[in-house]
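Peer 1: What follows is a structure written as structure tokens; I'll ask about it next.
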């Protein structure tokens, strides 16, 4: 779910440099605003391994509710609202305009993959994106992700997640044994590519 964290981390940035870094990090705020140079950099980047491609496609399918191979404005808004993030029609229109590089009014898998790729060498942006993604899961803002908070977000994006399953997922990354995920544990998990994308059985 590294990509989902990307999608939800850009809402409400007031300065253009924050918006220009792209739509990355949905998983979970909103303001994805790639510049053409960001899209070109993502396209020129070395190919991603199959696991990253599979993850990108899996997240894309979460957005593409009707399965037609493209994300519509309504699908984009519905997903964000389903995880409790109010987005205005203007925000959705801006996201669509900035992500839709071919101007057809939809986001294709290729456009989605291009805007999901982090810009090369931008460690500060990556850290900021992780903080925003963490904040989406940490609904009460107390600095840790609980099993219930994790289950809420996963259910919001269409994953059938119980609190018990989320406890097991947390156990896999909980280094201090408190049954919760703090930001440092979250960073390690995302860096390892574990994510929350696969529900424990």
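From the backbone N, Cα and C atoms, a Cβ is placed for every residue, glycine too.
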Peer 1: Quick check: of 159, 185, which does Swiss-Prot put in the same Ca(2+) 4 site as 174, 176, 178?
Peer 2: 185
Peer 1: Would you list, in sequence order, the residues of this chain other than 174, 176, 178, 185 that have their CB within 8 A of the centroid of the site's CB atoms, where the site is the one recorded for Ca(2+) 4?
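Peer 2: So the additional residues around the site are 170, 173, 175, 177, 179, 180, 181, 182.
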Peer 1: Do you know the mean pLDDT across the domain 'EF-hand 1' (51-86)?
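Peer 2: Taking every residue in the domain 'EF-hand 1' (51-86) and averaging pLDDT yields 80.
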Peer 1: Counting all other Cβ atoms within 10 Å across every protein chain shown, which of the binding-site residues 140, 174, 178 scores highest?
Peer 2: 174
Peer 1: Sort the binding-site residues 104, 106, 178, 185 by C-alpha distance from residue 138 (Ca(2+) 3 binding site) and give me just the closest.
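Peer 2: Comparing Cα positions, the closest of these binding-site residues turns out to be 185.
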Peer 1: Whole-number Å distance between the CA of residue 106 (Ca(2+) 2 binding site) and the CA of residue 66 (Ca(2+) 1 binding site)?
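Peer 2: Residue 106 (Ca(2+) 2 binding site) to residue 66 (Ca(2+) 1 binding site), Cα-Cα distance: 13 Å.
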